[in-house]
Structure formats: C-alpha cells, structure tokens
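Record features, source TrEMBL:
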type: DOMAIN; residues: 2-118; note: domain 'RCK N-terminal'
type: DOMAIN; residues: 135-218; note: domain 'RCK C-terminal'
Amino acid sequence: MKKQFAVIGLGRFGSSVCKELYKLGHEVLAIDSREEKVNDITRHSTHSVIANGTDEKALQSLGIRNFDYVIVAIGDDIQSSILCTLLLKELGVEKVWVKAQNYYHQRVLEKIGADRIVHPEQDMGIRIAQHIISEKIVDYIELSPDYSIVELIATDKVSNQSLVELNIRALYGCTILGIKRGDDINIAPTPTDRIQQGDILIVIGHKNDLKRFEDEGM
Ligand code: ATP
C-alpha cells in the first residue's frame, strides 16, 4: 500500500531517504529551510516545501499529522532536531524516525518519544565491516544488539539440498526468510525448496547462531 512520508532536512542522508522512497512509489513531502536544497529535490519528491521544521504553525499548515512517517534528518543543529521531533510527537504524528548525531542526542530523542533513532554512519560502518570480514556475507542488518538479518552466499556445502534436509532451524536456531536467485526472490520458501550454488540466503537469528551457521553450516 502506498504510504505517505515527510522528510525534514535534505542533507545527504535526508535527500537519499527521500529519493529512494519516491523511487519506490510512495508519496513524499520534502522539507528544508534552505531554498537550494528544496529546489534540488523537486524532481525526486511528490511535493517539496521551504519550511522550518521547528515552526509549529508551518508544520500544522502542511498537515504533518496526517503523514504515516516523518523522518527528521536535521543533523548538525541538534537543538532544532530535538524541537522538531518534540513538535511532531505533540502534533500527533504516529511514527517519527530521527537521525541522531551522538549518544546524548539519542538519549534526549528517546525521552521525548522518537519512535526510531538511526545513526547512519555507525550503522553503515558495521554493515561494511561485517561484509569485509566474511566473504559469505553479502549484506547485514542489525535488528537489535542481539538479533540480525544477514544475506549469505550459498556454498557447495548447502547446494542441492532442500531446507528440510538442511534442518537449519533445529541445528543452528536460524530461520531462512527468503532465497534470492538472480533477479528472482522467493520470500516464502517451503521445506522442499532446494538451494542452488550461488543463491543468496536471507537468514534471521541471534548473532551467535548466525555466526555458527556461517562458520559450520555453510
Ligand atoms: P548529512 O550528514 O545528511 O549530509 P548535512 O551535514 O549536509 O547532513 P545537516 O546540518 O545535518 O547537513 O542538515 C541537514 C539538512 O537539514 C540541511 O539541508 C539543512 O538545511 C536542514 N535543516 C537544518 N535545520 C533545519 C530546520 N530547522 N528546518 C528544516 N531544515 C533544516
């Protein structure tokens, strides 16, 4: 279903989020206090507006509370990021995702009710490090300090075997969520589906279990 998003702050992070959501077919309102940033995003958003994210009246007049998600991507100006988040929650926006600049910024955002706090640089650093240390890992998403989703390249060891034969859940406590093969993706693998060499397995589990599966099962 098409969702409505608003992105406030169109630096590298905010504009990337905005462009990708728009490319995926969603309605995106792009907001920045600087005219040149708004002009740059016009082709990549449904609407783009020059407005200050800390101006309560401006947010109200944009009907901000009707958006499914608002992403606050104001980075350097921590005070504005906090005030904007506070206003959005007070105005009744259901899901507010905020880019945090540091640990103290994060703690304040948690206290005022931000629904999700992201650290793009740290998150990307972790993903790249995971990718570098393992030739089998294609991608890595941290869900919590304990749980992750990884994409692993199927090796000889698991090829030509069905999921029931591999018995990954019982042996390693991990679950295969999907199998990518070329441009196709099977998002509901059945026990009889067979893995082919070069498939990419999308696996969820505890980090220790995923590591064990990667080291011993693949
Ligand atoms: P990034 O790290 O994502 O590239 P940046 O370092 O380029 O960001 P930031 O200072 O983090 O820039 O600000 C991101 C954007 O937020 C800028 O385009 C800036 O104009 C905008 N911005 C800052 N304060 C406000 C505000 N109060 N209302 C709306 N937009 C704002």
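Along the chain as shown, the residues are counted starting at 1.
Glycine too: its Cβ is placed from the backbone N, Cα and C atoms.
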Number of helical, extended and coil residues in the domain 'RCK N-terminal' (2-118), per DSSP:
53 helix, 27 strand, 37 coil
Using DSSP, how many residues in the domain 'RCK C-terminal' (135-218) fall into helix, strand and coil?
20 helix, 32 strand, 32 coil
Kindly state the mean pLDDT of the domain 'RCK N-terminal' (2-118) in the predicted structure.
96
